[in-house]
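Note sheet for the following structure.
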Amino acid sequence: MNMLNKKFLLTIAFIILAVLIPVVIKAPYQLHILILIIIWAIIGTSWNLLGGYAGQVSFGHAAFFGLGAYSAGLLTLHCALSPWWGILLGPLVAALAALPIGMICFRLRGPYFALAMLALGEIFRLVFLNLTDFTNGAKGILIMPAITNKMFYYYTGLGMLALTLLATYLIVNSKIGYYLVSIREDQDAATSLGIPTTLYKNLALLPSAFFTGLAGAFYMNYVAFIDPNIVFNLTNVSVMVILVVMLGGVATTWGPTIGAAIYIFLGEYFRTTLGSANVLIFGILVCLIIMFLPNGIAGELDLLKRLTQRKKASLSGGV
Amino acid sequence: MKKFRWQIIAVLLVVALVGLLAGGCGGGSSSGGKDTVKVGIILPLTGSEAMFGEMEKNSFELAYEELKAAGKTTVGGKEIKLMYEDDQGKQDVAKSATEKLVNQDKVNMLSGGYSSACTNVIAGSAQTLNTPFLVVTGSSDDITKKGWQYVFRGSAAPASKYTISFWDMLEKVVKPQSVAIIYENTDFGTSGAKGFREECNKRGIKIAFDQAYEHGAIDFKPMLANMRSTNPDMIFATSYVMDASMIVKQMKELDFNTKLFVGNGAGYTMPEFYENAGAATDYVASTALWVPNVTWPGAADYFNKYKQKYGKEPDYHGAQAYATMYIIADALGRAKDMTNTGIQQALKQTDMMTIMGPIKFEDWDGYTNQDRPNTYVVQWQKGKLEVIWPEDVKSASYVYPAPKWSER
């Protein structure tokens with residue numbers, strides 16, 4: 001009870017902190033970095049629900065991200081509607097696209113889902129690249145954003161992230177969540193207990209796709225330019241989200257958010273300070289973190305704690 | 001234990017925040033006070049486009065040194081300072097770089113922009129932030145077609161206009177009945193192919209074959225074999241350098257003869273094209289925005305100086321950056337004040353000669369602040385790139401039709 005209370009209070013403190021940041025940091029550049037962190041935190045949290053809790057690793061979340069982004073972009077291109085309508089449409093389109101994939105792949109064991117998702121992301125990229133009449137192809141969609149106030153994007157994004165975290169938290173701490181973890185740990189045992197595994201894997205995939213689509217639609221509104229090679233990108237979206245979650249901590253509530261914050265912030269920091277070696281050094285650092293903290297920063301807190309405590313102990317021993 | 005976990009998270013967040021703030025302050029104080037005019041230049045200095053980004057950065061530096069020697073880097077008592085940012089060839093990063101330069105480093109204007117995707121994003125942000133942006137390379141048509149007053153494109157042509165003198169030559173010399181179009185599936189490729197396709201339709205030239213390929217493909221033989229069966233008079237290809245070399249080499253291997261093979265700039269004019277494909281490049285023609293032996297004053301000088309200083313041959317990308325530096329210095333020298341509107345107006349009134357030809361920002365044909373490009377047709381002849389059209393600036397006569405592979 002006490003612990004739960006503490007956790008609750010800290011969450012409230014975090015929310016207040018997040019809400020107050022723009023009051024302290026008014027500089028648009030810093031807000032821009034925070035907005036990027038929020039976008040990646042949303043994608044990471046969505047991926048984590050499926051890949052972390054349910055253990056169904058997706059190598060193609062770019063498919064959902066891109067569909068969300070293109071839903072917003074195409075509304076503007078063809079219907080002359082504000083791309084903000086994409087915030088409503090994008091997540092639905094992404095979830096709809098996830099449905100058949102889940103229905104087919106989740107019947108199978110092994111790497112089929114990972115491979116199917118990998119293919120799905122690439123298929124969407126190629127389709128959107130070649131349907132030039134509908135999507136503008138590689139020329140992409142360029143819009144002039146109606147709202148340019150960074151504060152607005154920050155709070156909208158923050159609201160979306162809160163929604164994503166809340167939905168994930170509720171799912172994970174409900175019966176569904178326990179089922180998902182049991183499927184991840186031992187699918188045979190789960191089946192023998194009467195858990196309909198295919199159904200519950202789908203129940204993890206749909207919200208995951210939904211919120212990734214939401215992030216995509218928000219991205220289109222914020223960055224104001226997309227093309228298929230950007231939003232359906234295998235390395236810069238699908239693999240990057242996995243890195244973000246691994247850095248932060250797989251199957252933890254706050255892991256993806258921490259991962260996104262570290263990933264984006266360090267990436268930008270290195271880029272502006274280290275010159276041409278920035279990508280190399282950043283890559284080495286990510287490798288080191290993944291090697292020595294395989295459960296991510298939020299997942300290895302016990303280890304970090306033990307390390308700091310041992311240090312303290314030896315210090316006091318020396319004295 | 002849980003409590004500890006939360007403490008760690010809180011500490012991490014605070015560290016991240018402090019870092020953000022510190023980063024902000026650090027950047028602010030290092031930018032050198034009020035007696036400089038800052039020009040932010042965003043180029044791909046790492047990643048797959050780094051080769052071009054580096055060439056453009058070197059060319060900016062070369063031009064800057066020359067201007068400095070001539071005393072033109074000090075305007076109204078303030079020194080022009082170039083601030084480079086790396087966009088890694090990624091559009092998110094290009095946006096971050098733009099935000100940083102404008103909001104934190106408080107630059108007076110922006111330049112750079114290599115890939116079309118990054119240039120699109122920089123242009124959009126620059127317009128939103130009312131900061132003048134002079135494009136160096138990004139050639140997507142859209143960039144200057146949005147009516148954005150703060151976005152200027154001088155040394156770069158819109159992709160669909162790379163072909164102006166080439167059409168002149170087609171009309172007077174080649175007169176093709178049917179053409180084949182191949183292009184890489186990127187913004188640059190599709191824009192280029194689209195412009196050519198529309199022009200063919202307007203002139204009633206039959207398009208016998210029209211296909212995009214994936215950038216970085218290795219085996220072009222199926223596509224080339226299909227194309228051969230349609231027997232086109234001429235082939236028009238838009239590719240970067242590796243694909244360009246592969247395509248002409250594989251044409252030679254297939255003994256695929258065509259009267260004229262024309263590349264749409266980019267890969268087909270680069271020194272690496274000849275290095276990779278060797279004799280297969282003979283008689284390949286290309287549209288071009290710039291070649292070292294063009295007659296504009298200073299072009300050959302730039303080429304030689306660059307080669308001497310950096311030990312490599314520059315291509316038109318470098319020339320674009322070099323010319324852009326001169327345009328920037330000229331505009332800043334004329335600007336009434338160093339405000340956004342002051343610089344914007346000075347850029348708008350630009351009328352000067354550069355190694356890319358005369359530069360003037362005009363509104364025409366749906367474009368805003370777009371220079372009317374000078375374009376050329378060049379042809380590889382025994383490993384040398386010769387200007388063959390327009391005839392008044394040619395360095396060699398054209399060879400048409402190209403001899404068959406077996407007769408070379």
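Note: Cβ is positioned from N, Cα and C throughout, glycine not excepted.
The transmembrane segment annotation in TrEMBL covers A:7-25 (among others).
Sequence-distant contacts of the transmembrane segment (A:31-50), counting only residues of its own chain at least 6 positions beyond either end whose CB sits under 8 Å from a CB of the stretch, comprise 21-22, 25, 56, 58, 61, 64-65, 150-151, 153-154, 157-158, 160-161, 164-165, 168, 171-172, 204-205, 207-212, 214-215, 218-219, 222, 237, 240-242, 244-245, 248, 250-252, 255-257, 259-261, 263-265, 268. Here TrEMBL flags A:31-50 (among others) as transmembrane segment.
According to TrEMBL, the feature transmembrane segment maps to A:57-78 (among others).
Residues or ranges marked as transmembrane segment in TrEMBL: A:84-106 (among others). Residues 56, 63-65, 67-69, 71-73, 75-76, 112-113, 116-117, 120, 197-198, 201-202, 205-214, 216-218, 220-221 of the same chain lie 6+ residues outside the transmembrane segment (A:84-106) yet bring a C-beta within less than 8 angstroms of a C-beta in it.
According to TrEMBL, the transmembrane segment annotation covers A:113-132 (among others).
What TrEMBL lists as transmembrane segment is A:152-172 (among others). With a threshold of 8 Å between CB atoms, the same-chain residues lying at least 6 positions outside the transmembrane segment (A:152-172) that come near it are 15, 18-19, 21-22, 31, 34-35, 38-39, 41-42, 45-46, 48-49, 53, 180, 203-204, 207, 211, 214-215, 218, 221-222, 253, 257.
The annotation transmembrane segment is assigned in TrEMBL to A:203-225 (among others).
According to TrEMBL, the feature transmembrane segment maps to A:237-266 (among others).
Per TrEMBL, the feature transmembrane segment maps to A:278-297 (among others).
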Might you confirm whether the transmembrane segment (A:57-78) is in contact with the transmembrane segment (A:237-266), defined here as three or more C-beta pairs under 8 A between residues 6 or more apart in sequence?
yes
Does the transmembrane segment (A:203-225) reach the transmembrane segment (A:7-25), going by 3 or more CB pairs under 8 Å (6 or more apart in sequence)?
no
Using a Cβ cut-off under 8 Å, which residues of the same chain at least 6 positions beyond either end of the transmembrane segment (A:278-297) come close to it?
243, 245-250, 252, 255, 258-259, 262-263, 266-267, 270-271, 303-304
